[in-house]
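To keep things clear, I will list the structure first and then write my remarks on it.
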């Protein structure tokens, strides 16, 4: 039995219902606020945040959204002093005494820091890092190349001298290829006659680090090493085989979309296409250049991904749709900016599929084999991020035999595990990798993910190859918005929890000693598919029905006598005419009154949304469910084992109880769910696959307990069929046979996940009659089963309580 919950009463829950049977007793019921899209969206002002977003305290929330939206619509990377310096060193062809890009030289002259450096620090304290040293040395070289800015050069050399120890310190984070690029430029500077105020032994130490890098046995293959050496070509200068390097040139004329590498090739090989790329780049951007160009698609996708991870993407839905439309167009045109870059391609594929775009896995074919990684720069650097992106994207396969995604999933998971075990993953990235491997796409709890991402969020940006640290340009604003929304959501959830507790007391559900009635975990189960605050009505209905169906399941699973079961089924069958039946026990009366009155109230709310009565549909779902549970109770009493899986699942799917839970919440999502959609084959498939996932997951986890009582279970059926044993035989299957049967059932679960995934995330091109929000509710509901049945049956584990507390009750712990 799946343990879910969610439904919400928009206002005070009356002590006496005008819609049905009078509740057993009257209590004081906690009122709830009316949560609308406007209030959930955040008309709250004067933001109060702590931790590393504290500088934004008091800002209006709409002002923050404007800043984030502006950055999202036109993501611009910070200028890279390092790359600008290399572009500044390119001479005019045929006139080596003149800079080809004087605007870059001028920008360098105008942007030296007071301490003599160029570049940006990696943290709030402004400490010197290797990126600043690298950028400063490059800018000094650029100015000295054209014999300008002598005072700038002197101050730059002085800064490098004062901080030279940073360059030697192996504990300091370094841009990619630092030991090659810094030493190469140092050699070039010394050749120009520049004097560094440092000891000769320190300079020798830098050159020794260069030799160590050349001799280092890094990751990947020989091809990966060649690609890496091409990428840091500016640090090799005349030592580089520039004809070999040009094999990496892209259609836009660049090398790796890197201005610095491309500028070095223009200097040493006089390549016209490289020069054309730089001309185009500087004409677009003016004086400075970024570390990577073009990079708009990746940067925007990263920001979209960040907004989703932080739980605030709904505030920017239109902007995100525009970005994904543009990305889809680029995907369909097979543009290099997306298709050649591992991380960009994987992230684009994942986000497009998750948002309903029709993208084929053929676009990922170039990464189907592990060699695509082993031969890349990423392998040489043991770069985890592209690997993680590939693994995440591989989870989105709709077909049973999608060999491309299956291969990617297999080899990327293996490599990620190897990196974890060998401690090759950055500490800041380790929690995300561990989480991705432990919790597949269908096992995640969005609200819990949001919390973890908020608490780990780094407002100082992230490190990029050769360019130091970059951010979205709105990191502090993103964090402030996320903290504000999480706090607001928690306040809504906490009011809902108090309401659910008062609802339990009102109907006397706490008097049912046989029943698991746990509001906190029930609300958690509702939050998996329904975490936005404005979905409060749907969430409360979901929570209530989780508790009610769990109560009924416990009743049929030993909590009631056969006489009570027959009486209860008759009451549900008669529904509005239940008065003609009567109650044979106090427990039956409590159960029926709670179900009947709660359903009446929620259906009254749903009628306001749907402009029609939905009671008959919901009552029918209750009738189907209790009949199935009664059949299971009769099977257990007679020790009957169904002859086939078809016979078993015809009862097992409806007894999993999604029928009363999902439809009512779907009616309360705030948009029309037409009757023809509910009656459509598509809706039936969604319900069937979600129910199958839950039922089979439950069976896998409860087999050991149920085989002892000879309770029907899909694992038991598979094991008996494999052993050719009699269905009525009380002899349990052997452990080996049972494990093989578990494997068969797990494969059936995966098949249902794929079918459900395909139905839910299909392209919104009009081919689906069921609204997207309703389809996603089925997906989220199936996820609840996976979350709750990962280890043991149902609500009891301490981990479940901890998860519920983290989402609903516990305050955030932000980085300081």
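Glycine is no exception: its Cβ is also placed from the backbone N, Cα and C atoms.
Not measured: the values here are computed from a predicted model.
The feature motif 'DDXXD motif', as given by Swiss-Prot for the ranges 543-547, 548-552, 553-557, sits at 553-557. Of all ranges given (1-24, 25-48), Swiss-Prot attaches the label region 'Disordered' to 1-24. Straight-line distance linking the Cα atoms of residue 698 (Mg(2+) 3 binding site) and residue 553 (Mg(2+) 1 binding site), rounded to a whole number, equals 13 Å.
Sequence-distant neighbours of residue 706 (Mg(2+) 3 binding site): residues of the same chain at least 6 apart with a C-beta under 8 Å from its C-beta are 699, 712, 713, 716. Over all protein chains present, the Cβ of residue 553 (Mg(2+) 1 binding site) has 22 other Cβ atoms lying within 10 Å.
The two recorded residues, residue 553 (Mg(2+) 1 binding site) and residue 702 (Mg(2+) 3 binding site), have Cα atoms 15 Å apart. In this structure, the C-alpha atom of residue 702 (Mg(2+) 3 binding site) lies 13 angstrom from that of residue 557 (Mg(2+) 1 binding site). Ranking the binding-site residues 698, 702 by other CB atoms within 10 A of the CB puts 702 at the bottom. Residue counts for the motif 'DDXXD motif' (553-557) by DSSP state, with H, G and I taken as helix and E and B as strand, are 5 helix, 0 strand, 0 coil.
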